[in-house]
């Protein structure tokens, strides 16, 4: 039984590794790809597509638990993987309508995929193995930022324009990778616990399968309504209100490091023929920053001398240094130019080393904020963790969507200033919550 559960966790991690190798790479380069399309009929924007994905994802999260409860996590993940693969396939023969339609569909698929993942991981874990299984899964997932971006570097290095043949080769490869990840979900086995529940349900019920599914759906809908009511109640608490600016900031910086910054590097004319290849290297270095931060702060926070506030302050400091260096190193019009490279000149002569250092700092700082937000929510809302985490993902996704929509219109300096203001405000509010948490045992009623 233990071997079966371990097998499931490893296959789950590998499936997500393949799917998100494709999707993360796609998100990192899609605005650059869209800009290079030799197609006068295509009018889509990579920023708008990512904004739609995160916007739909934020609201679809409210309905995803019902779908998972009715059709099961394995089937849900397989169907979601097909939606991810469909989005990747659009870039092979792009059209505006299919581009935006699949953006909506993948937003729905992402909500179902992550809800099913959490359900399946818990189903295949016990109290003694949940930390190990979570670690194995996240280690495999974080590697998704490495392989696809490495391919981008080798394929695009030395190119000033992305040809149609190069684009098709890349996205066919990413599509195959995503399909392999999707098919891997079919290999997942039912856990012993799930088999016991299923056999017990079938043994006790004389109803037809259709009636059983109907009852299961009705039960899932009631559970969803209860969770939404709980979320609305938690939204009124001062703790969630105080943490909201920090959650919102995590959404803004998520959009910046995952889609905007790579585009800025690729649009920097001073990098010459290496600019497009640097997009891939930047994505890899961001991933390294995430991996280092996740591992480092997981160890530090086991030591009582390192409080959550220390890690969040470090994250803010790291991000502020990154923003200042980006302000000096990257042209101000880099996020908004479309058909050409940047026309303006930055304050410093653009340096590849500084650009990649900023990529690492963005990943490192992001891991600071995300690990500590999960930590404080899990501590404060131990009995209501699911709706609390749902609120976090909702706020984060909404602000990521908003950021993607304005990223193509606002100069770089104003985007950085907005993140500085919200990051500083969010960190102060986080400090207040942590201070109150240290004073009060019953913080949820605060």
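Note: Cβ is positioned from N, Cα and C throughout, glycine not excepted.
Unlike curated entries, TrEMBL annotations are predicted automatically.
For 7-25, 45-64, 76-93, 99-122, 134-154, 170-188, 239-257, 277-299, 311-327, 347-369, 390-410, 416-436, the entry in TrEMBL reads transmembrane segment.
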* Quickly jot the same-chain residues contacting the transmembrane segment (170-188) by Cβ under 8 Å, restricted to those at least six beyond its ends, or write none. => 8, 11-12, 14-23, 25-26, 74, 77-78, 81-82, 84-85, 88-89, 91-92, 120, 148, 151-152, 155
* Structure fact -> For the transmembrane segment (7-25), out of 239-257, 277-299, 311-327, 390-410, 416-436, most C-beta pairs under 8 A are with 277-299
* For the transmembrane segment (277-299), sequence-distant contacts whose Cβ falls under 8 Å of one of its Cβ atoms, 6 or more beyond its ends -> 24-25, 28-29, 32, 138-139, 142-146, 148-154, 156-159, 257-258, 261-263, 265-266, 271, 311, 352, 355-356, 359-368, 371-372
* Taking pairs 6 or more apart in sequence, does the count of Cβ pairs under 8 Å between the transmembrane segment (311-327) and the transmembrane segment (45-64) hit 3 or more? -> no
* Going through 45-64, 239-257, 390-410, 416-436 one by one, which has the most CB pairs that fall under 8 Å from the transmembrane segment (347-369)? -> 239-257
* Structure fact -> Stretch winning on C-beta pairs under 8 A with the transmembrane segment (45-64) (pool: 239-257, 390-410, 416-436) is 390-410
